[in-house]
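This report refers to the structure that appears directly beneath it.
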Amino acid sequence: MKLIILDRDGVVNQDSDAFVKSPDEWIALPGSLQAIARLTQADWTVVLATNQSGLARGLFDTATLNAIHDKMHRALAQMGGVVDAIFMCPHGPDDGCACRKPLPGMYRDIARRYDVDLAGVPAVGDSLRDLQAAAQAGCAPWLVQTGNGRKTLAQGGLPEGTRVCEDLAAVAEQLLQEA
């Protein structure tokens, strides 16, 4: 199985300091849906791992989050792309959970669900916490320079072996060339 794990905000869609709180606020980044479609069509299983503390903060509810994800799934389907599963942490930063990135809990859940060893599985994010969680789980961290990615790159301290690409389309291109 060829598995790839993506962060959502800043990788697939535009990020917002005020959170993505409704389907109207969910706007795909240029080329991201096409990248997922290319990966899907090349037999990759695409999974999201996303912190959604807006739930804990009361900024939106589960029904709204599901509506946001429905919008994403519909847009992807039009291009032949599929996100097989969405793993998310609904907790706030101070809740003490094991699933909130930079902790690797969501990634370990993915490994159990798909019965895979995550060693070398590409995990794409735009923030240091995405990359830290991925590296702790044994994934190969990839930083995109969309969302908070440029700032993350400038701040340094990336996990060893982190690969850097302009955006998700460039990640997909690299992976498909290497396959």
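Numbers run from 1 along the shown chain.
Cβ coordinates are placed from backbone N, Cα and C, and glycine is handled just like the others.
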Self-check item: According to Swiss-Prot, which candidate in D117, D126 joins D7, D9 at the Mg(2+) site
Solution: D126
Exercise. Across all the protein chains here, work out how many other Cβ atoms are within 10 Å of the Cβ of R57 (substrate binding site).
Key: 12
Quiz item: With every protein chain in view, how many other Cβ atoms are within 10 Å of the Cβ of C97 (Zn(2+) binding site)?
Solution: 15
Exercise. Round to a whole number and give the Cα-to-Cα distance in Å for the pair D9 (Mg(2+) binding site) and T50 (substrate binding site).
Key: 8
Self-check item: T50 (substrate binding site) and R100 (site 'Contributes to substrate recognition'), distance between Cα atoms, whole Å
Solution: 8
Practice problem: Name the one residue among D7, H91, C99, K101 whose Cα is closest in three-dimensional space to that of Q52 (substrate binding site); these are the recorded positions. | Solution: H91
Quiz item: In angstrom units, rounded to an integer, how far apart are the Cα atoms of D126 (Mg(2+) binding site) and C99 (Zn(2+) binding site)?
Solution: 18
